[in-house]
Amino acid sequence: MEEYQHDNSTTPQRVSFLYSPISSSNKNDNTSDTNNNNNNNNSSNYGPGYNNTNNNNHHHQHMLFPHMSSLLPQTTENCFRSDHDQPNNNNNPSVKSEASSSRINHYSMLMRAIHNTQEANNNNNDNVSDVEAMKAKIIAHPHYSTLLQAYLDCQKIGAPPDVVDRITAARQDFEARQQRSTPSVSASSRDPELDQFMEAYCDMLVKYREELTRPIQEAMEFIRRIESQLSMLCQSPIHILNNPDGKSDNMGSSDEEQENNSGGETELPEIDPRAEDRELKNHLLKKYSGYLSSLKQELSKKKKKGKLPKEARQKLLTWWELHYKWPYPSESEKVALAESTGLDQKQINNWFINQRKRHWKPSEDMQFMVMDGLQHPHHAALYMDGHYMGDGPYRLGP
């Protein structure tokens, strides 16, 4: 016993292996520095002669896994105490077995967290691989070409010609690559659920294409009607739309018209309010051209008969001026006028009748003599005979 006590008195005190609380790491650094400077000071929470090597190792582990701090077990100062806080009559430091078990628990929790992280990454990779596998099944399905065609048909509706050409070329290129790379799918490896999905999706795309096509066709028909109406009004063909091949419909136009329209904008001529009447007239002329031409000729002949030659009219006007007081030619004078003018008796009679109605008004003496002649036919006869005897002024008989 004396030798054992002597050894204890000469041997320095051993270090306590108890762990400090995780939340007090900064405090541990300060206390470890103090213990290195003064090994005989017993005021430290970790006991005399505490070395800061363990504390530095724990601090390094926390720096490596900062996101795992919430998963580590929380300890308190009441769970782990230093040797000088416990009653010890012999003043010898006591070693507790909780240190080794706490170290094992710490590493087990850390490894469990790492394992959970790896499992989450593996699950994400599995999800990505599942999506890629499903895509490969859809592409290798026999109905995929039908599905692709229905989808591209929907994209072509209302698209410009260059876009339609690019879509068609892309589809042909894709089908060529699929025929070279995709193996044939056996009947045993087919998925009934995938087959049902492909059929339903193809039907949905076909119906969607029909719904898109209907308003486009109605709009095209409306524009064609507008074109025809504008063409009828303007007497020239007007084309609002272009052919599917991108060329203009106005193939028969001259080079000057094509150069004028090369700007891309269609200039509409001014609308004539009488264009509709002219269109109707042209239509009737085409339908009744023979009858109208004969009728026109007949009407022109009648007009020519009603209009006397200029020389004949001049001779009749000369006789009219000489006999203005009483412009009634006798039968002999009518014959003479007919021979000189080349007209017939009917034309001469009609000309004098119209001329007297329009340009002659008898004087009051003439009106009185005419009225008196109605009462005395003998005087009227003398007047008429004396009037036509010469071209000079005449007297009335008794």
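The backbone N, Cα and C atoms fix where each Cβ goes, glycine too.
Keep in mind it's a predicted model, so treat the numbers as computed, not measured.
Noted in Swiss-Prot for the protein shown:
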type	residues	note
DNA_BIND	300-363	DNA-binding region
COMPBIAS	23-56	compositional bias 'Low complexity'
COMPBIAS	87-102	compositional bias 'Polar residues'
DOMAIN	279-299	domain 'ELK'
REGION	20-61	region 'Disordered'
REGION	78-102	region 'Disordered'
REGION	241-273	region 'Disordered'
Helix, strand and coil residue totals from DSSP for the domain 'ELK' (279-299) stand at 20 helix, 0 strand, 1 coil
In the domain 'ELK' (279-299), averaged pLDDT is 76
The DNA-binding region (300-363) resolves under DSSP into 46 helix, 0 strand, 18 coil
